[in-house]
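Chemist: I'd like to ask some things about the structure below.
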Amino acid sequence: MIEREQDAPGSKGQFSRLLRDIAVAAKIVDRDVRKAGLVDLFGETGEINVQDEEQKKLDLLAHEEFVRALRRGGEVCLIGSEEHAEAIPLLFDDCQGKYVVLFDPLDGSSNIDVNVSIGTIFSIYRVPDDHVGRVTMESALQCGRKQVAAGYVVYGSSTILVYTTGNGVNGFTLDPSIGEFLLSHANIRTPNRGRIYSINEGNYNSWDDGLKRYIKWMQQEDPDDPDRPYTTRYIGSFVADFHRNLMKGGVYIYPSNTRDPNGKLRLMYEANPMAFIVEQAGGRAETGSGPILDVEPQALHDRTPVYIGSPSMVEDAIAFLSGERTA
Ligand code: P6P
């Protein structure tokens with residue numbers, strides 16, 4: 001990682017140290033995830049988190065591991081986590097940290113107890129110049145275009161860390177025999193089109209009519225289009241669905257619906273980091289009414305509709321949503 005990482009300008013190695021701190025936390029979470037069934041880490045804590053969801057034991061453990069690693073590393077002044085209502089100021093007397101880190105410590109945690117892939121998603125911003133020395137919750141509310149880095153870890157058949165600093169996307173696979181992330185996927189580029197779409201079809205009746213027409217179009221045979229019908233793959237873990245689609249081509253959709261008018265996924269620590277990554281890999285990420293990275297956040301736990309993945313497939317979705325296309 002260090003070899004590949006040209007430090008952010010003027011960071012005097014702080015940026016690489018921050019990435020190292022995140023990688024250390026990821027290794028610890030990987031260890032906990034892999035032994036969860038053996039040391040009573042399955043199940044719930046009995047608490048309801050800020051998302052009004054049952055908090056899993058591993059959710060809390062992952063949150064604590066990342067907070068501990070970032071606090072100890074000293075490069076960060078503010079942390080935002082899915083598992084914590086407010087941003088967590090790491091304000092020492094004179095915080096020297098230059099960065100804000102927002103993260104979903106364990107995405108897809110409903111899959112933990114049934115051994116389906118889960119993941120961590122993180123987003124890194126600089127502390128705005130005029131907030132240095134007096135960081136507040138507002139310092140976390142920056143639009144996605146201002147991210148200096150973003151990444152995710154998939155705890156799957158192997159553990160892979162994928163991130164961007166704005167110079168392309170690289171993937172590192174954890175070699176447990178030496179406890180290091182090794183470069184395994186250099187300069188990831190997502191296919192312009194794939195045959196996979198990821199969406200919870202159980203919400204069909206609450207979808208926009210344009211979206212219904214898009215999904216129906218993907219499901220139709222067409223002698224002039226050998227790609228169709230497409231294939232649906234949806235495992236209830238955004239990180240895993242996103243990673244598969246990034247590598248193979250595909251589109252992941254979590255639309256607004258009657259139950260979730262702004263969609264379900266969180267803007268600051270799920271949609272924005274993945275949008276930064278997918279754009280850096282040649283893909284596209286939209287809310288349905290504009291690029292995700294252009295959304296101005298109002299609060300740490302804002303939600304947004306998500307159409308993300310292969311650029312031609314996201315373009316198709318937007319054309320159907322707008323009514324520009326009906327078939
Ligand atoms: P549903 C997990 O809670 C998550 O945020 C994503 O990882 C996943 O894609 C989605 O929600 C699943 O939500 O409503 O389809 O069960």
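Each residue's number is its place along the chain shown, starting with 1.
Cβ atoms are placed via backbone N, Cα and C, with glycine included.
Unlike curated records, TrEMBL annotations are generated automatically.
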Chemist: Check TrEMBL for me: it has Asp107, Gly108, Ser109, Ser110, Asn200, Lys264 binding substrate, so pick out which one of Tyr125, Tyr163, Tyr230, Tyr234 it puts in that same site.
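Modeler: Checking Tyr125, Tyr163, Tyr230, Tyr234 against TrEMBL: the substrate site match is Tyr234.
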Chemist: Among Glu221, Glu270, Glu279, Glu286, which residue does TrEMBL name as a further Mg(2+) 2 binder in the site formed by Asp104, Asp107?
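Modeler: Site partner of Asp104, Asp107 for Mg(2+) 2, according to TrEMBL: Glu270.
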Chemist: I'd like the number of other C-beta atoms within 10 A of the C-beta of Glu270 (Mg(2+) 2 binding site), please.
Modeler: 27
Chemist: For Leu106 (Mg(2+) 1 binding site) and Glu270 (Mg(2+) 2 binding site), what Cα-Cα distance in Å is obtained after rounding to a whole number?
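Modeler: Cα-Cα, rounded: 11 Å.
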Chemist: Near Glu82 (Mg(2+) 1 binding site), how many other Cβ atoms are within 10 Å of its Cβ?
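Modeler: By my count, 26.
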Chemist: Can you tell me how spread out the substrate site is, meaning the largest CA to CA distance among Asp107, Gly108, Ser109, Ser110, Asn200, Tyr234, Lys264, in Å?
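Modeler: Answer in Å: the longest Cα-Cα distance is 16.
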